[in-house]
Amino acid sequence: MKYLQYLAAILAVAPSILAAPNTGRDGNPYLGVQPYANKGYAAKLEETIKYFNKEKDYLNAARTRSVQKVPTFGWVSNSAAVPDLKGLFSEALAAQRRTGKKQLVQVVVYNLPDRDCSAKASDGEFHLSDDGLNKYKAFIDSVAAEFSTKDAQKLQFSIILEPDSLGNLVTNLNVEKCANAAEAYREGTSYAIAKLQKENIALYLDAAHGGWLGWNDNLAPSAKIFAEVLEGAKAINPSAKVRGLAINVSNYNQYIAPVREDYTEWSNSWDEWHYVNSLTPHLEEAGYPAHFIVDQGRSGKAGIRTEWGQWCNIKNAGFGTRPTADQKILNNTNVDAIVWVKPGGESDGTSDETAVRFDTMCRSPVAHVPAPEAGDWFNDYVVNLVKNAEPPLRASLF
């Protein structure tokens, strides 16, 4: 009976998955490869599938199974997560052998000292008051070692370095913690670039999103900082290079917004497609590569916020455009790919006002409450991501 109900669910919805074309390589690391669907994330989604089955909502259970097949990034956000890379690489190699397709493994490195300096929800393990910069460099050395193994050499990689870091150097130096961390952010990120230089690794620095750095007055200063950090890496390793920038990581901005939100009225970067166009000439002038990947993991729905600064567990969000490198969809040659960086279902931050890492944004009028600590699984939230996905998720039996 359940099989027939699953089958009915599948027939009820048309497939809408967007696949990257196999068109060879032009420097874009997303062409001619298969981005890897992370098994660790897929395992967490089993809780969501069980929830829908319990509710006899077999269509959304089947839709959640399709999410298990979507390529997502693995996050290395503390020292304890470094050994997990071995397993991730082993799983990707197994998929490569099984399918005959070169796997692109996507990873976020996120552990700068005094991390998340302008907020509280994602404060990390290293602090500048406790030799945090040197500890961070040792952490990067351990990460680089994992990418130097024989297994790693058989794969391709896309790595995003340090979300929500360099953007603070443009706009938040009035925050004491950010002012104190500024040089460490620069030096630490340059060090990471220099140490993660492999032919099979494409590096992207984080460039926040259009609502943060996309304002006209922020564009040139942002490009200048990215270029300076790259030059800092070249001072350590003269052959250091990066592919470009990652934008909208863990955020909710749409790539191409169907309507312009009221709070974007005075910005030319009112969606991420326009942000790419706004920032590109400044990057070219600064001598920084103008190639982008755009997180759309939770950007399916418009009209769910009242201001750009709302970032924590936004209610009514939905899974967004599926990962793709197809220029028919991207419509922008500076964009390498749409990706899913933030694993949909991992909390942005706790709504517990007594918690050490509580941030007021996690109890804003548009935040989903109650919510667990940043990074913890938030199943109620995933349920809504599935239901509100745009385009709608296809259904899958397996």
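Positions of Cβ are set from backbone N, Cα and C atoms, glycine also.
TrEMBL has this to say about the protein:
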type	residues	note
ACT_SITE	Asp116	active site
ACT_SITE	Asp164	active site, proton donor
ACT_SITE	Asp348	active site, proton acceptor
BINDING	Trp75, His209, Trp212, Asn251, Trp311, Lys342, Glu346	substrate binding site
SIGNAL	1-19	signal peptide
Within 10 Å of the residue listed as 'active site' (Cα to Cα), which of the recorded positions Asp164, His209, Asn251, Lys342 do you find? Asp164
Greatest Cα separation in angstrom, residues Trp75, His209, Trp212, Asn251, Trp311, Lys342, Glu346 binding substrate per the record, works out to 23
Sequence gap of 6 or more, C-beta under 8 Å: which same-chain residues meet both conditions with respect to Glu346 (substrate binding site)? Ala374, Gly375, Asp376, Trp377, Phe378
Let me know how many other Cβ atoms fall within 10 Å of the Cβ of Lys342 (substrate binding site). 23
Residues that sit under 8 angstroms from Trp212 (substrate binding site) by C-beta distance, when 6+ apart in the chain: Gly167, Thr171, Asn218, Trp308
Row His209 (substrate binding site), column other C-beta within 10 angstroms, all chains, value 25
Quick one: Cα separation, Lys342 (substrate binding site) versus the residue listed as 'active site, proton donor', in Å? 13
